[in-house]
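Engineer: Below you will find the structure I want to go over with you.
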Amino acid sequence: PSPKVRGTHPDCSVVLHFQEREVECLERIQSESQTPALPRQEGCPTEWDGVSCWPALPLGQSRAVACPDILNVFKKSKGLIQRNCTEWGWSLPSPPYHSACQLETLGSNNDTEAKARHFVTMKVLYTCGYSTSMAALLLAIGIFSCFRKLHCTRNSIHIHFFTSFILRGAAVFIKDSVLFSDESIDHCTMSTVTCKAAITFFQYSVLANFYWLLVEGLYLQTLLLLTFTCDRSYTWAYILIGWGVPMVTVGVWVLTRLQYDNHGCWDDYSSLYWWVIKAPILLAIFVNFLIFLNVTRMLAQKIRCPDLSKTHKQQYMRLTKSTLLLIPLFGVHYVVFALFPRHVGVDARLYFELVLGSYQGFLVALLYCFLNGEVQAEIRRNWGKWQRSMESNVFNLATQDFTA
């Protein structure tokens, strides 16, 4: 296969291979039709049967071809398919392709329908997950924005982190609507600006999500080093890391694809250029893991300190809990799957990345906002203040009605 086929998504490589062979065969047929006519000779013209190109053959003769090499992806076979040139034209392939090339292992119609139902179920699950996460994250952003006492660098970073999750969920919905809304679209050859823009936005949102997780780890370490000082001097540095690094990375990736690999919809994870995206993600996860180990060490030292006040010890204990709860969000599954080929553990990969990954935003909102004691206290305080205000208004109205 040509480099174009090798660089495509594995599921589409077979389709594109046969499309290229068909183009070559049709060009051969057109070339033969334009050559000067030879003395009339009975026979069968060159023909494309959907799998192989059969060169012209005189009447009464036969020809045999081997199974296409690309089918060795499914099962290695050295079978031969034969066709005869009869007075009625080309005979049917004998034996049939599925028998000669041993393709029965591809599965029956029932297997195909079962797989289709499985993917539909998975899509429903991750759609519910991302919808739930986005609703929870929007509510959490509203809570942090509405209450003045919650305005600080720490919660500002949380808001950016929440936003990255919202963008990731929106990118998934946009990608699905562009790629899979119309079943008549040939996804293997789809190469539109809209399609590439959707994939680019998706890659940016994924990168931003990992880098804001890195910022959360950096800020947690900074808090310990600065002894809980809310220093806004680092805010712009955090923003540059969280939004700027993904922007530069995706820009380099887009330019690389435009220059060297501008085919398809850019959703092929088997291409070498995919490492332009994968390497920065793995770097962020690795750095975050080192930060996690360092933060755990620093917390253990501070908690064991006998001169530590009770207030500071409680603050450190809260940080310890939040750090330990962040472990599932450090992208451990991403590292595990990144070390294996894309075709290994497909079902487990889809389940972790789509289904469980879709609920990460909800878990983040739960840990950083809804279960946050500071947030709960502020909500209770404002709720009590609102209740007293309402009671006062009702009392004033009743007094005015009585005096009137």
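Note: Cβ is positioned from N, Cα and C throughout, glycine not excepted.
Caution: TrEMBL annotation is automatic and unverified by curators.
Annotations for this protein, taken from TrEMBL, read as follows:
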type	residues	note
DOMAIN	24-105	domain 'G-protein coupled receptors family 2 profile 1'
DOMAIN	122-372	domain 'G-protein coupled receptors family 2 profile 2'
TRANSMEM	124-145	transmembrane segment
TRANSMEM	210-228	transmembrane segment
TRANSMEM	235-255	transmembrane segment
TRANSMEM	275-295	transmembrane segment
TRANSMEM	323-344	transmembrane segment
TRANSMEM	350-371	transmembrane segment
Engineer: Between the transmembrane segment (210-228) and the stretches 235-255, 275-295, 350-371, work out which stretch tops the count of Cβ pairs under 8 Å.
Structural biologist: 275-295
Engineer: Any chance you could find the range in 124-145, 235-255, 275-295 with the most Cβ pairs under 8 Å to the transmembrane segment (350-371)?
Structural biologist: 124-145
Engineer: Find the average pLDDT over the domain 'G-protein coupled receptors family 2 profile 2' (122-372) in the predicted model and report it.
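Structural biologist: That stretch averages a pLDDT of 81.
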